[in-house]
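K.L.:
Below are the structure tokens for one structure; questions will follow.
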């Protein structure tokens, strides 16, 4: 009997030793897992990567735009590609919300990927999965970490303009409001600080941080937590009125390289957005994390990858829920 038990145990351990480690996300109605398209569309990842690489080579800013698109999608009804839907008789698009209007971009790149995938394997790869893969590829192409993307999301048949207006953290939100919005999605302060590190690439418009330069607290004075000479530099191209759409690098040190200089900038009081700088000034826990990531690029990369997988697992549609859209801009008729 003892011999039989030891054989069973040995077999069990051997099975565990050879089982692939799965970065899977348990979801209502099914699992997301990296191998989801291995049989139904084996070239899916390769096709996504190739088109994203061309788009980023053509315009470096596109990497940040695709990363942001995934984030703005997941925070509204989960990672279901609702952000990609255009307005129709029955749908009010999320593209017109405050966080997305005049700033969400990269839709044409997603269209191009979808078109190529429809040729390769029709009605198979979801727009939601395309966005999750594009976000990872954009990170890697700019020098950031890689991770296995769990797949198997399906696309929603509706959008939520109110969800987009209310759920996505805004640059001028208080730290507590931002943290609450993350917690509502099942994310914590560690995820908040790590994912904010995506501001190591990309741009922000003058309108999203102007109040810090002129009237942070309604007293006609600039934000005390913004380094004065940096503030003076920003005022040159971000006047009190006009210039709303003028673009500024979120990380002026290495704007096209995915690294931890974003956190170093915050420590030097040179975070561009209010939502960047409050990570240092308004919470002990987030301040400690900013210091850790500023010190160790490796630590930041490791946590960023984990938090991206966690964010990608927010309320996906799986099984028979939702659909696989033929065009990412509209629901199937």
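These residue numbers are counts, starting from 1, taken along the chain as shown.
Note: Cβ is positioned from N, Cα and C throughout, glycine not excepted.
Automatic prediction, not curation, is the source of TrEMBL annotations.
So TrEMBL has the following annotated:
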type     : residues               : note
SIGNAL   : 1-24                   : signal peptide
DOMAIN   : 31-332                 : domain 'Plant heme peroxidase family profile'
DISULFID : 41-121                 : disulfide bond
SITE     : 68                     : site 'Transition state stabilizer'
ACT_SITE : 72                     : active site, proton acceptor
BINDING  : 73, 76, 78, 80, 82, 94 : Ca(2+) 1 binding site
DISULFID : 74-79                  : disulfide bond
DISULFID : 127-328                : disulfide bond
BINDING  : 169                    : substrate binding site
BINDING  : 199                    : heme b binding site
BINDING  : 200, 251, 259          : Ca(2+) 2 binding site
DISULFID : 206-238                : disulfide bond
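I'd like these features described in context: how deep, what's nearby, how far apart.
P.N.:
Within the model, the domain 'Plant heme peroxidase family profile' (31-332) carries an average pLDDT of 97.
Proximity of residue 41 (disulfide bond) to non-local residues of its own chain (separation of 6 or more, Cβ distance below 8 Å) is seen for 117, 120, 121, 124, 125, given in sequence order.
Within the same chain, residues at least 6 positions away in sequence whose Cβ sits under 8 Å from that of residue 68 (site 'Transition state stabilizer') are 104, 106, 198, 202.
Sequence-distant contacts (6 or more apart, same chain, Cβ under 8 Å) of residue 72 (active site, proton acceptor) comprise 83, 94, 99, 100, 104, 164, 168.
There are 21 other Cβ atoms within 10 Å of the Cβ belonging to residue 78 (Ca(2+) 1 binding site).
Long-range Cβ neighbours of residue 74 (disulfide bond) (same chain, at least 6 residues apart, Cβ-Cβ under 8 Å): 185, 311, 312, 314.
Of all Cβ atoms in the protein chains displayed, 30 besides its own lie within 10 Å of the Cβ of residue 127 (disulfide bond).
On its own chain, residue 169 (substrate binding site) has 75, 177, 178, 181, 182, 275 as residues at least 6 apart in sequence with a Cβ closer than 8 Å to its own Cβ.
Taking all protein chains in view, 24 other C-beta atoms sit within 10 angstroms of the C-beta of residue 199 (heme b binding site).
Less than 8 angstroms from the CB of residue 238 (disulfide bond) sit 206, 209, 210, 213, 246, 248, each of them six or more residues away in the same chain.
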K.L.:
For the recorded Ca(2+) 1 site formed by 73, 76, 78, 80, 82, 94, name the remaining residues of the chain with Cβ within 8 Å of the site's Cβ center, in chain order.
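P.N.:
Filtered neighbour residues, in order: 72, 74, 75, 77, 79, 81, 83, 156, 159, 160, 163, 164.
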K.L.:
Using Cα-Cα distances with a 10 Å cut-off, which of the binding-site residues 80, 82, 259 are near residue 127 (disulfide bond)?
P.N.:
80, 82
K.L.:
To the nearest whole angstrom, what is the C-alpha distance linking residue 79 (disulfide bond) and residue 73 (Ca(2+) 1 binding site)?
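P.N.:
Distance between the two Cα atoms comes out at 6 Å.
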K.L.:
Could you round the CA separation between residue 259 (Ca(2+) 2 binding site) and residue 82 (Ca(2+) 1 binding site) to a whole angstrom and send it over?
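P.N.:
Roughly 30 Å, rounded to the nearest whole number.
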